[in-house]
Amino acid sequence: MPTSLRPTISRVLSPSSLTLGVAALQQTMAMFAGLVMVPLIIARGIGVSAEDSTRLVGIAILVSGLTTFLQVSRWGVLGSGYLLVMGSSSLFIAPSIMAGKAGGLALVCGMTLAMAPVEALLSPAARVLKRLAPPLVIGVIVILLACSIVPVSIQQFMGGFNAGDDLASWRMLAVGSFTVVCTFLANACPWGIVRVGSVIVGLLAGSALAALFGMGDVSHLREAAWLALPQPGWTGLAFSLDFALPFAILYVISAIETFGDIHAIAVVSGEKMSAVENRRLSGGLMADAVGSALAGLFGTVANTSFSGNIAIAELSGVTSRKVGVIVAALLIVLSFFPKLAAALTIMPAPVLGGSMLVAVAILLSVGLRILFSGQPSHGELMVAGMALAIGLGVQSSPAIATHAPAWLAPLLRSSICMGTLVAIVGNTCRRWSKA
């Protein structure tokens, strides 16, 4: 496949409407559980009512659709023009729960809105960041993004957080493994539409086996309303300087993640690293910031780009931004129909985990491809290895921040932030030593 294709053109040349629809449906299915999980965790952590939890999730789905549309469409300085799906960010779970306990959902949404300009201010600096981030650094970021999904993927693969004594049972592992195998077999199928929809095939096959084993709880599907209108601004807004720094730091980390995701989807789309335009980078960061501001204003939690969906695009070979427009439309529609949204969340945990592991594997391959695209020297590989070691070490040992100041702890606990910092500093020092 030629590498000169523009990112707005799919690697599946001239995809049909059916192909675009299937690709968009599996993009939506792949990210939906993660999208609704974040506001649900925050709502439960704060202890709000079931009605308020439903509202929080409904607004999150709506804002995800609006932000995805901004990201793929490029409205002036907004958007990268790449197939980047946006949704609620798990980065903000801990500070949002702390803010919620201190001042309710009004404070959560107020801080989400007030600190979003931090990422917007980083948008013009994309040109500088790109100079500091050659393929070596971008590859490290993408690999760490993939690795950050591994813990929750494995947990879901084994049965999820509520599996109890059934965790890692042979039934759970069988369903997860069956999902993985079916996904890869479908992706190797010579029939184009099956290959494009390989994720859907895997999810359906895994769900069928799970049903045979008696897995799945459909009670909340019966209870969900058919129609519910989102109520933007329902929480009100409140602000506190006590939470300004934690939210600001997390917006910096979110910007780094989105920066890496933009490069990853560009490579998946067939572009060379050097061809990624600065305006696409700055537009992508700005869309992320505006999306989070909308989230706070409308009454839900901050968002970011979903790295796992890049792997879905790589697997299907369909990277047209038309897919993103369809995904955005689906999400907006789902925000008005809770029963349809609930239908996408009844997927058994090992099925979701199997699909997530496939995404991790593909995202890792994209990161390695980027890392080695610059033909790194021995010294550069040493820098990359140290950055990955530090990043993965932080991920596996969050206690590293136990004695750190409160403002520094979020940075030290972020594998992506620490790994990126080591990669940039190490690569810069290496270049200076050779000058």
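Positions of Cβ are set from backbone N, Cα and C atoms, glycine also.
Bear in mind that TrEMBL entries carry predicted annotations, made automatically and left uncurated.
Per TrEMBL, transmembrane segment is recorded for 20-42 (among others).
For the transmembrane segment (54-72), the residues of the chain that approach it from at least six positions outside its boundaries are 35-36, 38-40, 42-43, 48, 78-88, 105, 228, 230-232, 234, 284, 287-288, 290-291, 294-295, 298-301, 303, 305, 321, 324-325, 327-332, 334-335, 338, 341, judged by C-beta separation under 8 angstroms. Under the heading transmembrane segment, TrEMBL lists 54-72 (among others).
For 92-115 (among others), the entry in TrEMBL reads transmembrane segment.
Only residues 6 or more beyond the boundaries of the transmembrane segment (136-158), in the same chain, are considered here, and those with a CB under 8 A from a CB of the stretch are 167-168, 172-173, 176, 256-257, 259-261, 263-264, 273, 307-308, 311, 349-350, 352-354, 356-357, 359-360, 363-364, 366-374, 376, 380, 383-384, 387-388, 391-392, 395, 415-416, 419-420, 423-424, 427. The annotation transmembrane segment is assigned in TrEMBL to 136-158 (among others).
Under the heading transmembrane segment, TrEMBL lists 170-189 (among others).
Taking Cβ pairs closer than 8 Å, the transmembrane segment (196-214) reaches residues 12, 15, 19, 22-23, 25-26, 29-30, 171, 174-176, 178-180, 182-184, 186-187, 189, 312, 315-318, 347-348, 350-351, 354-355, 358 in its own chain, all 6 or more past its ends. Annotated transmembrane segment per TrEMBL: 196-214 (among others), in sequence order.
The transmembrane segment feature in TrEMBL is assigned to 234-253 (among others).
For the transmembrane segment (323-346), the residues of the chain that approach it from at least six positions outside its boundaries are 10, 20-21, 23-25, 27-29, 32-33, 35-36, 54, 57-59, 61-62, 64-66, 68-69, 71-73, 83-85, 216-218, 220-221, 224-230, 313, judged by C-beta separation under 8 angstroms. For 323-346 (among others), the entry in TrEMBL reads transmembrane segment.
According to TrEMBL, the feature transmembrane segment maps to 352-372 (among others). Under 8 Å from some Cβ of the transmembrane segment (352-372) lie the Cβ atoms of residues 30, 33, 135-136, 138-143, 145-147, 149-150, 152-158, 160, 175-180, 183-184, 199, 202-203, 206, 263-264, 267-268, 273, 307-312, 314-315, 384, all in the same chain and six or more residues away from its ends.
Counting only same-chain residues 6+ beyond the ends of the transmembrane segment (381-401), those with a CB under 8 A from a CB of the stretch are 136-137, 139-140, 143-144, 147-148, 151, 371, 408-410, 412-416, 418-420, 422-423, 426-427, 430. According to TrEMBL, the feature transmembrane segment maps to 381-401 (among others).
Sequence-distant contacts of the transmembrane segment (407-426), counting only residues of its own chain at least 6 positions beyond either end whose CB sits under 8 Å from a CB of the stretch, comprise 91, 95, 132-133, 136-137, 140-141, 144-145, 147-148, 245-246, 249-250, 252-253, 256-257, 260, 383-384, 386-388, 390-392, 394-395, 398, 400-401. Residues or ranges marked as transmembrane segment in TrEMBL: 407-426 (among others).
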May I ask for the residues of the chain that lie six or more residues beyond the transmembrane segment (92-115) and have a Cβ under 8 Å from a Cβ within it?
38, 41-42, 45-48, 52, 56, 235-240, 242-244, 246-248, 250-251, 292-293, 295-297, 299-302, 410
